[in-house]
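**Q** The feature active site, proton acceptor is assigned by Swiss-Prot to LYS165, HIS284, with sequence analysis given as support. Among the features that Swiss-Prot reports, substrate binding site is placed at ASN113, THR163, LYS167, ARG285, HIS317, SER369. Among the features that Swiss-Prot reports, Mg(2+) binding site is placed at LYS191, ASP193, GLU194, with the record citing sequence analysis. Per Swiss-Prot, the feature N6,N6,N6-trimethyllysine maps to LYS4. Residues or ranges marked as N6-carboxylysine by Swiss-Prot on the basis of sequence analysis: LYS191. For LYS324, the entry in Swiss-Prot reads site 'Transition state stabilizer', with the evidence type sequence analysis.
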Amino acid sequence: VGFKAGVKDYKLTYYTPEYETKDTDILAAFRVTPQPGVPPEEAGAAVAAESSTGTWTTVWTDGLTSLDRYKGRCYHIEPVAGEESQXIAYVAYPLDLFEEGSVTNMFTSIVGNVFGFKALRALRLEDLRIPPAYSKTFQGPPHGIQVERDKLNKYGRPLLGCTIKPKLGLSAKNYGRAVYECLRGGLDFTKDDENVNSQPFMRWRDRFLFCAEAIYKAQAETGEIKGHYLNATAGTCEEMIKRAVFARELGVPIVMHDYLTGGFTANTTLAHYCRDNGLLLHIHRAMHAVIDRQKNHGMHFRVLAKALRMSGGDHIHAGTVVGKLEGEREITLGFVDLLRDDFIEKDRSRGIYFTQDWVSLPGVLPVASGGIHVWHMPALTEIFGDDSVLQFGGGTLGHPWGNAPGAVANRVALEACVQARNEGRDLAREGNEIIREASKWSPELAAACEVWKEIKFEFEAMDTL
């Protein structure tokens, strides 16, 4: 009983247009740009093969297992409108190919090898459908949106944050001072920048201590619960957990992690620690644009966002739609819903390729951050709704009178927008008017309005359908 050695087309084994997808399959939508002369079926089948059981030639050991049970299958290919050389290849992966509770393993399988494949000019993972059978093997966010609101006792409005700038170079004492001023002025949170870890000018332990002091002082004076995202990201998992432990000992409510540079294994480790110890977890997406910005190669951010919800985080940066960083409105709202909601219908107009049912996995608060200021407040309130965190770094610290008045201006603008919305006014149409009215009785807001009245970041978004 020999076996038929040699090389055969992938599509003979891995292109199965008659396949009915199972409820337990992980489904992927790839944007495939094959090399000239490679038919789309072969390219799609090659992706399915190389990201599951296949290799470039038939091997004797194939006979020792059931390929039909374990192989990925390219089950549908559709052309991309307006792109002659591209196709969307849909691939179904049997659940048994993946280790339970490991985003790391999921990505190693699905995107680990196949992106360097010679038969393809480019490849982009546009979306993943995670079946409940797989998502139930993950803890997910340490707490989720409702528990966070209960812990912070803040309801019926977006939360306000501010990244402390200059991001590098402040001493711990001065850093803590800036934190105190912002929280005292009316913000809910302040934030370590993503690259503030533990550098010579400010070691992590000193920063944690001075920030904790600032939090307690601001809480005592305002009667509100305050937080500062203490960045626990470090060079090793052990060091990261050590920092999280210290944050817990200080009694602060929230820590932070850079999940892409830190890696999914570290992130899931930290998320488990945070749930076990009552810490909220803020996630920064530093490095995401390296992966998601090219239209025809890499991975769309909605995939990274889904992966984060599985790995665990209570907040994640998700673009602004209006500020200085990337984000097209409908597409952004698509993955914002994927982060917050339990059940999201397939909607290609928003870039959502599959219906996603998260069952009981807690939701994540999207964070809008980057180049936003008081004039954006009505748009942000309208676009993101209550379940979001609006972060004004320069838009707080750049206030001509200083940090605390900058915080006051943002809080007044937010409360004015929320009140106007609750009274039934149209934020999209009357936004500027609402801000102007509020600035009449808030000199801090009036000063902020004056400084930023002309600022715009008008560039075409790259992230289009």
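From the backbone N, Cα and C atoms, a Cβ is placed for every residue, glycine too.
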**Q** Provide the three-state secondary structure of ASN113 (substrate binding site) computed with DSSP.
**A** coil
**Q** In whole Å, note down how far the CA of HIS284 (active site, proton acceptor) lies from the CA of HIS317 (substrate binding site).
**A** 6
**Q** Spatially speaking, which of the recorded positions LYS4, LYS165, LYS191, ASP193, GLU194 is closest to HIS284 (active site, proton acceptor)? Use C-alpha to C-alpha, please.
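**A** Result: the closest of the recorded positions to HIS284 (active site, proton acceptor) is GLU194.
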**Q** How big is the gap, in Å, between the Cα of ASP193 (Mg(2+) binding site) and that of THR163 (substrate binding site), rounded to a whole number?
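**A** Cα-Cα, rounded: 6 Å.
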**Q** Roughly how many Å separate the Cα of LYS191 (Mg(2+) binding site) from that of ARG285 (substrate binding site), to the nearest whole number?
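**A** One finds 14 Å between the Cα atoms of these residues.
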**Q** Can you tell me the CA-to-CA distance separating ARG285 (substrate binding site) and LYS165 (active site, proton acceptor), as a whole number of Å?
**A** 18
**Q** Let me make sure I understand the span of the substrate site: among ASN113, THR163, LYS167, ARG285, HIS317, SER369, what is the greatest distance between any two Cα atoms, in Å?
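**A** Greatest Cα separation within the listed binding residues comes to 37 Å.
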**Q** Roughly how many angstrom lie between the C-alpha atoms of SER369 (substrate binding site) and GLU194 (Mg(2+) binding site)?
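**A** So the Cα of GLU194 (Mg(2+) binding site) lies 12 Å away from that of SER369 (substrate binding site).
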